[in-house]
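Annotated features, as they stand in Swiss-Prot:
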- GLU359: active site, proton donor (ACT_SITE)
- HIS390: active site (ACT_SITE)
- LYS518: active site (ACT_SITE)
Amino acid sequence: MAYYRTPHDVTALPAWQALKDHRQAMQDFSMREAFNADPQRFSQFTLSSCGLFLDYSKNLITSETRDLLVNLAKEVGLSDAIKSMITGELVNASEGRPALHTALRRPVGDKLSVNGVNVMPEVHKVLNQITELVGRIHDGLWRGYTEKPITDVVNIGIGGSFLGPELVSEALLSYAQKGVRCHYLANIDGSEFHELSAKIRAETTLFIVSSKSFNTLETLKNAQAARAWYLAQGGSEAELHRHFIAVSSNNAAAVAFGIREENIFPMWDWVGGRYSLWSAIGLPIALAIGMSNFKELLSGAYTMDQHFQSAPFEQNMPVLLALLGVWYGNFWGAQSHAILPYDHYLRNITKHLQQLDMESNGKSVRQDGTPVATDTGPVIWGGVGCNGQHAYHQLLHQGTQLIPADFIVPIVSFNPVADHHQWLYANCLSQSQALMLGKTRAEAESELREKGLSEAEIAKLAPHKVIPGNRPSNTLVVERISPRRLGALVALYEHKVFVQSVVWGINAFDQWGVELGKELGKGVYNRLVGSDETLADDASTQGLINYFRGRHRG
């Protein structure tokens with residue numbers, strides 16, 4: 001029976017009990033001692049694939065730990081689950097849908113049936129549609145209402161229609177095509193629109209409205225604001241089609257807005273928003289970096305898909321990262337996971353992975369609606385490397401919580417300045433080393449003696465300088481951030497999230513919690529503007545409504 005129809009209680013599996021027993025045996029495990037005892041530890045716990053090099057040797061694991069985690073993956077039926085997702089079974093059980101983001105990066109000639117229909121020709125038809133549009137804009141053939149070529153593209157979207165495309169277009173800024181600047185408008189806060197509109201000219205700007213329903217509140221409000229601004233700047237209704245296109249499955253609403261049907265790029269219900277950057281949602285990426293680079297991005301993701309499907313679990317990068325997350329979250333009590341990119345252009349990867357991981361695995365019931373028996377997805381947080389060292393790394397080193405971390409770093413910089421990149425890389429490695437090694441009381445006291453402190457001063461200060469160490473981390477190294485490697489990196493985390501959902505028996509492809517907030521928001525809005533005079537369901541919300549109404553002007 002398919003895993004998504006009859007999810008297991010993972011805590012009842014023999015492999016889970018074996019891991020519980022092993023966790024007790026690992027209570028006094030020391031990474032420092034493990035490295036001293038085994039010169040081959042690094043080679044035993046490293047892996048290279050798809051242009052990525054993973055060092056997972058700085059973890060609270062032995063080869064036995066890895067074997068036990070792999071046994072867990074086998075007992076939960078991970079191989080069948082991977083096949084179910086890739087082949088289009090209804091792995092999104094609550095919505096009765098497949099999750100086929102992997103289809104978006106499959107090559108021409110592949111076949112994949114959904115409800116008896118081969119979807120691959122349609123996938124590549126849309127890719128050709130994107131290619132044509134990108135070519136026209138880059139060649140200056142798409143012109144605005146004053147016949148000037150387009151110089152600025154504004155993507156209006158939120159969530160998956162924003163976070164993934166923004167990550168990729170900024171991460172690949174070194175591949176940006178000259179002549180077209182890409183911007184993102186997501187927040188309904190008017191200040192964001194105000195700042196953006198000051199940077200662009202209506203006559204040379206193309207807006208992409210990205211919303212599957214063409215009814216997402218924030219996106220629709222921003223699209224309406226952009227439309228009003230365009231008209232106020234001298235644009236006309238008759239020429240509006242030159243400045244607005246859409247990525248949506250609601251053609252009627254997009255046409256009613258003023259967008260021509262041939263300029264509406266389709267979305268499919270078998271691709272979730274947080275997995276959609278590979279689709280027409282990635283149009284701003286293609287406009288930013290060019291079509292050949294966009295196809296390289298897809299190709300990189302496809303190589304990771306192939307690795308994920310074919311590599312044995314012991315050598316499978318997404319599977320290993322996922323199982324390590326299960327190990328810490330379910331057996332060591334970790335509640336969060338830090339993403340620490342040591343690359344300026346990857347500064348938004350944490351935001352994308354927050355949505356990817358937390359919206360996917362922030363669940364408390366299994367696929368069949370029964371409560372989970374263990375913790376599920378962690379809080380994902382972090383930020384750019386060296387900046388974080390002077391902010392929150394202190395908590396990683398000496399705080400009371402165990403927080404696993406992923407360090408992500410390139411070997412080559414696109415913008416070398418003196419020896420800056422060598423220092424950047426050194427900082428990345430030294431942080432993971434410090435988390436692992438820590439500093440003992442004896443080492444702290446020895447340092448203070450060398451500085452000439454008295455024994456009384458040493459006794460007072462040494463406890464503050466002790467760093468526990470034994471804090472786990474992974475290090476992902478890429479030679480250089482490229483479209484192909486970035487595609488593999490993002491796909492790596494997509495598959496990691498899926499593997500964990502299979503272990504926990506949850507649905508990684510729905511997000512009902514998000515829907516509740518949307519529903520309640522309408523009622524609060526109606527009370528704020530006075531169109532609904534009934535009281536809110538609770539005194540706190542009503543009190544805050546009254547506070548707003550008593551003070552808001554304009």
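Each Cβ is built from the backbone N, Cα and C atoms, and glycine gets one as well.
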Open item on the list: I need the least crowded one of these active-site residues (HIS390, LYS518), counting other C-beta atoms within 10 angstroms of each C-beta.
Closed with: HIS390
Open item on the list: Counting only residues 6+ away in sequence within the same chain, which have a CB under 8 Å from the CB of GLU359 (active site, proton donor)?
Closed with: ARG274, GLN511, VAL514
TODO: Would you kindly give the Cα-Cα distance separating LYS518 (active site) and HIS390 (active site), rounded to the nearest Å?
DONE: 37
